[in-house]
Amino acid sequence: MTDMSVQTGAPRRTAFELARRYALFVLLAIMLVGFWWAQPAFINSANLFSILQAVSVVAILGVGVSITMSAGGFDLSVGSVAASSVMAASYAMVVLQFGAGETFALVLLMGALIGLANGLLIVKVGVPDLLATLSTMFLLAGLQLIPTGGRSITAGMMLPDGSTAKGAYDPAFLILGRSRLFDIVPLPVVVMAIVAVLAWFLMERTRFGRVFYAIGGNETAAHLAGAPTKAYRLWAYVISGTLASLGGLIIASRVGRGDVSAGASLLLDAVAASLIGFAVLDKRRPHVLGTVLGAIFVGVLLNGLTMLNAPYYTQDFVKGVVLVGALALTFGLGKKKR
Amino acid sequence: MLRKGLLAPIRANRPSHSSKAIRQRKTSTNRTLTALSTLSPSSAAPFAVAVSGVEKAFGPTRALAGADLAVRPGEVVALMGANGAGKSTLVKIISGSLAPDAGTITLGGRTVSFASPREAKAAGVATVHQATDQAGAGGLTVAENLLLDEFCGRGPLFVSGRSIRKRAAAIAAALDLDLPLDRDFIDLRPAERQLIAIARAVAAKASVLILDEPTSSLSTAEAERLFTIIRRLAASGMAILYISHRLGDLAAIADRAVVLRGGVIVGEFAQPIDFPAAVTAMIGRRLEAAAHSGEASTAPSILSIRNARLVPGARPFDLDLRSGEVVAITGTLGSGKSRLLRVLFGLTQLDQGTVTLDGAPWLSSGPAASIAGGVFMVAEDRWASSLLPPETPGASIAGTIALPHLPRWFPSGILDTMRERAVGNDAIRRLGIKAKNADDTLDQLSGGNQQKVVLARWQAAPCRLLLLDEPFQGVDVGARADLITAIRNSQSASATLIATSDTEEALEVADRILVMRDHSLFAADDGHGSLTAAIGSVETAETRTQP
């Protein structure tokens, strides 16, 4: 057996590596064809764009997570930042009577500042990444409830001091979540595509991305090569926080109210998208393209299964199976045998 | 079977070796055969470990093409070979990390086949690897690490801190090691980790001990202590397979040297080992002795250090480096060599004193400022300090070289990978790096070639002062000669300061050798090539610092 593998080892491994490289693309194609065959309505453009719209927020958050991961960190607070952003946007418009533009600026700034706080806690205070962002996650999950006394924010709601909120959602704000480009592409999908392209360019085609990855690979080496590693790590969290708040804005503009339970599963979905992305193109590292594809992969699978009448409570199980499979593909299967 | 194992190397004789080497091998065979006939006229196999006809291929590359090797109990056998000769593969096969494609391994006369390093370990084959970060577990103290195998195996269920400490102290004392038992493993220097790995192997009562480059991160005094330990272990009947690039080590410790090249044993030398012949057999060509004379004394001064004190209480010293000069600082581990380089690179500060670079005061705020000012440093332990894991973008030869130069090469921020590749390919040609192309990741290269890439990184930009900390760590003799040529050829208008604990290396590379002891420099000579004086003072200093 060993003799045979020596003789035929080289070409077979190349074919196998090719299979590993494109495994997720192939599986995605198989899934699309399979669901189409089982349910022809699956493949119409409205449904496909609804899938993309459904995954857009997760993909945007996942991009933030993968940027922090590439710099050797891990942002666990993205879900809470997005949820707080929903509440902050609603509070700004409904209670403080801000317009759409001011709300956008305020919420994005809030996301950036939370990212900065995360970064400072990690870089300056020296708290490990996971623990720092875990505590921020808890802090925000609680903080977002305090201004409204734990209630969801809707126009005309009763405030904790007994008065009634005078403001309402700015119709201009709702355009982001509810309108379509050329009447077909939902705006969130356009935003996701822009974020993905910009982030991909930053991470794969600029020296800044190279340094992010160098820090994640070997921080000492990056430092000794003259890279300002602390500044880079700080920026990774600022980018991640800003993207998370952008995700929150999309949710708020789609839902049109400040729902306290918005963004419950966002963190895990975003992390899962990043991790599934490791397997895309056999990169074995966080990367933007993989993260977006990972999010789409899960979205297609859930949408297809829903159309085939799979019950909603199987969704997390399905996500788990995909994640386990993708990670096994990344780290285990096909690693050269001894 | 037994005889075949011994005779095979002779049959594998190639006409490319000098007649002296062949004579040496014949002598060695005669001696071993005589020894065998007197020791064991009838009994089966006195070998603690023997491999015969071992083959291993990785894809199209044949790492081992029928290698034979045998070590008797109580014998120290040196395994020599250039990078890529198959040493690591052979070691991995004996220690159970790799399965051979063909051939047999016998342990104490019994044919064995290890499915894992753990099985090999259980059978009594202990391996001390070159990578010291795997020598123990971070988060545990040194004492706990010494007993780690016991905890992981069939140790007692309950352990008290006091008994751990007591037994660990006993293990350390048995080997005459002065280890900081309460320190966390993670805080240890590579040299201390190495000692722990050796102590663990001994504590596990191994019958065969494989040492892979054990002295690469040890100072001379520590290496001497290690040799004492090895001799004692050999005397107690342990078979020791010793892999080292340092000829000095092998002369001091080996009973027999076996040379591996191209996956087969090409020579076998008994004591007294004819090292020139062994080296010739190893690299397949003669090694030119590098001798340098200090002609640079009239050149302009680049670096001057005045009244410098590295740490409080140390004796202040002065140092001048001239343009085109290569100066080596040698001294024991912890003598302050690395610290001086770190000061110049801006990673730490002098306690007192002034540093002048090209006539202007030099006070770097950190690596970025140093690199901008033309002061480059190659830190010791390249995987910890310079290289990236293979899945990282920029872990290729091209990316590794480019990393510190990215802001200057690509001010707009957008990468031009063609430019990186061009620099990488140029380095491959110039330094003779063995690689397919500049896209190869560093883990595919041998240690010597990895170090060439790290050197190429800092030769890719104009340099004023190049600092090299242990640049020949884990580098074979052939690659070391290439590195030395590269270091010396690039010295036109810059100065080079090398810290090495190996006197031999210092002699080969430097115009001038200085000795560092107790964080202070002791001048060795006047820069006129009086290297004999330099050795004299080095040896004196080392004798003085020995406990």
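Backbone N, Cα and C atoms are what each Cβ position is placed from, and that goes for glycine too.
Under the heading transmembrane segment, TrEMBL lists A:21-38 (among others).
Same-chain neighbours of the transmembrane segment (A:50-69): 75, 78-79, 82, 129, 186, 188-189, 191-192, 195-196, 199, 203, 212, 216, 236-237, 239-244, 246-247, 250-251, 266-267, 269-271, 273-274, 277, 286-288, 290-292, 294-296, 298-300, 303, counting only residues six or more beyond its ends whose CB sits under 8 Å from a CB of the stretch. According to TrEMBL, the feature transmembrane segment maps to A:50-69 (among others).
Taken from TrEMBL, the feature transmembrane segment covers A:76-98 (among others).
Outside the transmembrane segment (A:104-123), and at least 6 residues removed from its termini, the chain residues within Cβ reach (under 8 Å) are 73, 75, 77, 81, 84-85, 88-89, 92, 98, 129, 132-133, 135-136, 140, 173, 230, 233-246, 248-249. The transmembrane segment annotation in TrEMBL covers A:104-123 (among others).
Tertiary neighbourhood of the transmembrane segment (A:130-150): same-chain residues 73-77, 79-81, 83-84, 87-88, 91, 95, 114, 117-118, 121-122, 157, 159-160, 237, 258, 260, 267, selected by CB-CB distance under 8 Å and a gap of 6+ residues from either end. What TrEMBL lists as transmembrane segment is A:130-150 (among others).
If you look up TrEMBL, you'll see A:184-203 (among others) marked as transmembrane segment. Same-chain residues lying 6 or more positions outside the transmembrane segment (A:184-203) and placing a CB less than 8 Å from one of its CB atoms are 45, 49-50, 52-53, 55-57, 59-60, 63, 67, 70, 175-177, 209, 212-213, 243, 246, 250, 254, 287-289, 292.
Proximity of distant same-chain residues to the transmembrane segment (A:234-256), defined by a Cβ-Cβ separation under 8 Å and at least 6 residues beyond the stretch ends, is recorded for 56-58, 60-61, 63-65, 67-68, 70-71, 73, 75, 77-79, 81-86, 88-90, 104, 107-108, 110-116, 118-120, 122-123, 133, 169, 173-178, 188, 191, 195, 212, 262-263, 266. According to TrEMBL, the feature transmembrane segment maps to A:234-256 (among others).
Annotated transmembrane segment per TrEMBL: A:262-281 (among others), in sequence order.
Cβ atoms under 8 Å from those of the transmembrane segment (A:288-305) belong to residues 24-25, 27-28, 31-32, 34-35, 38-39, 42, 47, 50-52, 54-55, 58-59, 62-63, 65-67, 192, 196, 199-200, 203-204, 269-270, 272-281, 314-315, 318-319, 322, 326 of the same chain, restricted to positions at least 6 beyond its ends. TrEMBL lists A:288-305 (among others) with the feature transmembrane segment.
Beyond its flanks by at least six residues, the transmembrane segment (A:317-334) meets 16-17, 20, 23-24, 268-269, 272, 275-276, 278-279, 282, 284, 294, 297-298, 301-302, 305, 310 of its own chain at Cβ-Cβ distances under 8 Å. The annotation transmembrane segment is assigned in TrEMBL to A:317-334 (among others).
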